[in-house]
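Read through the structure below, which is laid out as structure tokens, and then see the notes.
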Ligand code: GLU
């Protein structure tokens with residue numbers, strides 16, 4: 001059978017068997033379409049039904065999460081953990097707490113995680129989880145009770161050699177602390193490598209907090225250098241104001257760029273003089289407030305409700321670090337019209353499939369999420385290594401390893417694109433390079 005026909009057939013089947021799962025189907029479509037040249041070269045992969053197996057999670061767990069709010073009301077949320085692929089190591093991937101979370105979103109994130117984790121070069125499989133719980137406006141005690149109830153079910157399915165969750169949207173150091181504490185209580189054992197993103201006093205890694213944002217900028221910097229340019233003097237628009245956006249801003253500023261915008265789910269700020277990151281950190285990391293409070297400290301900045309128009313700001317480099325599908329066709333066209341040269345994804349799947357087409361057909365350098373934002377999970381794997389060795393590396397040691405990993409990801413993706421006849425297409429290259437390692441492991445392990 002022709003490779004193209006094979007891939008089309010599997011995509012048709014996915015559409016039939018996963019009705020309504022738009023995010024998962026989009027993620028699978030993007031990856032599968034770029035694998036056609038691989039199946040051309042490796043017909044044995046088709047005979048082993050590699051694609052049919054890789055799009056089917058190894059295990060999906062959906063559970064009830066009841067908890068009691070501060071007023072004594074009983075609330076019920078839905079919890080998820082999708083253990084997608086363990087060919088190269090234990091399932092690894094974050095937990096997302098956001099009202100939009102459903103099975104399709106967890107599956108899309110888990111599917112992406114398989115290839116992202118493979119690209120890091122470290123032995124971690126792909127998984128993801130979360131809940132439709134909305135952490136916005138909840139007290140510390142409510143967050144703790146939710147996390148404990150979530151873990152009261154999840155603990156049965158995870159472990160340092162089995163499945164290692166971490167943070168994602170709505171899950172940071174505070175939540176990982178509560179989840180870890182309850183896991184330890186339930187299992188009566190101190191198994192540090194069961195979760196990553198832990199506090200530094202109980203097995204966390206230095207630089208894990210910064211890793212996704214720093215990694216994004218290291219990756220982008222390598223892409224810029226390879227194209228004979230740099231961050232120096234560039235205007236950058238970054239969406240989001242969570243962990244990824246904050247540390248991407250910090251590193252981009254260190255490399256001489258001017259970051260002029262950040263956002264949250266309510267709206268965005270524009271500061272033509274360059275964002276004052278200390279102000280943002282105070283609002284977001286300490287007060288857990290809203291981005292519009294930036295204007296209390298910097299009244300010359302502008303704030304607009306809603307996030308769509310952030311992409312109308314003229315910039316050289318756009319780093320979407322908020323959430324999936326935040327750049328649609330229209331936003332991509334405006335970015336191109338305004339002269340954007342580089343788009344690199346800090347969030348997972350922030351550009352729609354059509355938006356990616358717009359970037360690529362207009363020669364915008366495009367750094368796809370699974371390559372560009374792999375720094376976070378890479379550092380998580382380094383945290384697992386440190387836990388196994390029962391020692392901890394310095395910030396500089398971890399940061400150095402992270403830089404090396406991000407550079408390697410860029411060059412491996414670039415080389416794979418070249419090898420498979422799609423010179424310069426980092427999206428295809430990342431999909432192919434990530435896939436090859438998983439494919440070889442799956443071939444070696446028989447039909448499982
Ligand atoms: N949620 C992050 C991601 O999308 C990190 C996952 C992890 O550290 O396991 O890659």
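Each residue's number is its place along the chain shown, starting with 1.
Here the Cβ of each residue, glycine as well, is placed from N, Cα and C on the backbone.
In TrEMBL, annotation is done automatically, which means it is predicted and not curated.
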Record-annotated substrate site (TrEMBL): member among 351, 361, 380 besides 92, 113, 116, 167: 380
Separation of alpha carbons, residue 128 (active site, proton donor) and residue 167 (substrate binding site) (Å): 10
In sequence order, those recorded positions of 92, 128, 243, 380 whose CB lies under 6 Å from ligand 1: 92, 380
Neighbour count (Cβ, 10 Å) for residue 380 (substrate binding site): 30
Those residues of the chain, 6+ apart, with a Cβ under 8 Å from that of residue 128 (active site, proton donor): 80, 81, 82, 84, 93, 94, 95, 96, 106, 107, 109, 110, 113, 168
